[in-house]
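One structure below.
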Amino acid sequence: MEAAPSEKVPAKKLSSSENLDIGVSEVVTVDAAENNSNGIKRGLKTRHVSMMALAGIIGPGVFIGMGSALHIGGPVGLIVGFAIVSIVVFGVMLSIGEFNSLFDFNFNTHAARWVDPAFGAAIGWNYVIVWLTNIAAEYTSLTSILQYWGPHVPSYGFFLIFWGFFTCYQMLGVSVFGESEYILAFIKLLFITGFYIFAIIYAAGGIPHHKPPNLFKEMPLAHGFGGIVSAFVYAGVFFSGVESVSMTAAESKNPKKAIPLAVRQTFWRILYVYFGISISYGITVAWNDPNLSSGSKTLKSPMTIAIMNAGWNHAGDFVNAVILITCLSSINSGIYIGSRSLYNLAKDGMAPKIFKRVDKRGVPWVAVHSVHLFGFLSIMNYSTGAVKAYGYIINLAGVSAFIVWTAIIFVHFRFRRGWVKQGYALSDLPFKSPLYPFPQLIGFVIGIILTLVQGWTVFKPFAAGDFVDAYILLPLFFVIWLSYKFIKKTKWVSYEDMDFINGRRVIEPTYSNEQSSDKETEDGKKTSFWNRVWKEV
């Protein structure tokens, strides 16, 4: 049950004694409505949201784009670049967990409430840009993979086929989307695990008639500090999606349970996926392998290169098939998140009202089709080559991600200060960020540094086109912020005026005889032993 956004309702604060009597962990969300007040439907289960947090960080970039990052940064540069960016991501996820366990809004709405509506508009539009460019990048990957099998078919032919498919598929509703992402994420996880096993055998000399080189010893850094900086941008793009749990909150059946669970699991998934894959690539593929820097329109995955170098020439077909599945999953997620971001902007009056239109299935169809149209940007690889086009798009998406992440952490600082100043207890928060404010402070500082230095390589020698590509979104953020502020006459929100009431989920105490077992799902069904293990990791 939620307070309508347009209504002012009195805040109900639990006293310290009440908190001691019932326990903070025993507060549950009263939210049984199938549709929320926005018109979209609650069709995502806890397992969907949890898996989407995983699926969001296993995109085609893991299989394809990291080949470019390896070529630029070398094996050590790749690991260092992703390690630094992961610190920012962890701080962002803790902030989102605290927001969305209490309010099922997206972060541009949070920013509008607790900083400035104009600041919220700037964050929201930058996040839309993240996903517009991501969709184009994923289509570039998809068409490149398909050209591995059909080199004589033009890339735009493959693009048009799948563009038509996703145009129809996205209209089936959020429950279909959630179930498909759950299955695809599981397939990706299995495949990555299999490759880790292969990499260990390969590096240990377990492949007959093959002596692997010590790549970490022979060539740890490909291009010095510049290579590490370039790896930052790739990391920013490949990590894009972990914050998508903020988008799924409004369509989750139990956000209070689903969001904190997804946030807690993020650290281990980042460690397993990105550090695992960085090490695996570093010990199986040389940074100067000619296939990584090929100017052809077909991008080859380091996985494909590694397995073919091991002597399994036809294994590349299997690897490409799995990468194809990953591309389909990422495009599916990109359209979903991008369209919901645009829908939320329209709902908050920060985008044209037409994007608020929702069909009977709860799908914001105008936003879906508008966002999906930007997939046509991928067609430019027909003239520039997939590698070059992918690089252009990656830069735009990476810078947008850094800006949005840094802004989210800043909003969290404001939220915490206002929450305490208005007399609320931290124990009233369904999910409280551990070690606050240290993860956020570290992430905030690193986020600012990454935003400023990610285009460092364009200065030596100076390249005007690359400079614009690397930094154009930074001034654009301030242009949107100041333009909206001037047109709408918005004001900086003081701590005393922050709204912690409207839209806040109503919580009620659950006493011991009413508590549901941890061995039950949100539907009241018993969970298996393996599902409970999965929740812990």
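Each Cβ is built from the backbone N, Cα and C atoms, and glycine gets one as well.
What Swiss-Prot lists as transmembrane segment is 52-72 (among others).
Swiss-Prot lists 76-96 (among others) with the feature transmembrane segment.
The transmembrane segment annotation in Swiss-Prot covers 157-177 (among others).
According to Swiss-Prot, the feature transmembrane segment maps to 183-203 (among others), an assignment based on sequence analysis.
Residues or ranges marked as transmembrane segment by Swiss-Prot: 219-239 (among others).
The transmembrane segment annotation in Swiss-Prot covers 267-287 (among others).
Non-local neighbours of the transmembrane segment (318-338) in the same chain are 52, 55-56, 58-60, 62-64, 128, 131-132, 134-135, 138-139, 141-142, 145-146, 148-149, 162, 166, 169-170, 174, 177, 180-181, 184-185, 187-188, 191, 241, 244, 247, 301, 303-304, 307, 368, 371-372, 375; each lies 6+ residues outside the stretch with a CB under 8 Å from one of its CB atoms. The feature transmembrane segment is assigned by Swiss-Prot to 318-338 (among others), with sequence analysis given as support.
Per Swiss-Prot, transmembrane segment is recorded for 362-382 (among others).
Per Swiss-Prot, the feature transmembrane segment maps to 393-413 (among others). Proximity of distant same-chain residues to the transmembrane segment (393-413), defined by a Cβ-Cβ separation under 8 Å and at least 6 residues beyond the stretch ends, is recorded for 65, 68, 88-89, 91-92, 95-96, 98-99, 107, 110-111, 114-115, 119, 122-123, 126-127, 129-130, 133-134, 136-137, 140, 232-237, 239-240, 243, 377-378, 433, 437, 440, 443-444, 447-448, 450-451, 454-455, 466, 469-474, 477.
Remote same-chain partners of the transmembrane segment (462-482), defined as residues 6 or more beyond its termini with a Cβ less than 8 Å from a stretch Cβ, comprise 116, 118-119, 121-122, 125-126, 129, 392, 395-396, 399-400, 403, 451, 454-455. The feature transmembrane segment is assigned by Swiss-Prot to 462-482 (among others).
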Non-local residues, at least 6 beyond the ends, that sit with Cβ under 8 Å of the transmembrane segment (183-203): 51-52, 54-55, 58, 62, 210, 212, 273, 276-277, 279-280, 283-284, 303, 306-307, 310, 322, 325-326, 328-329, 332
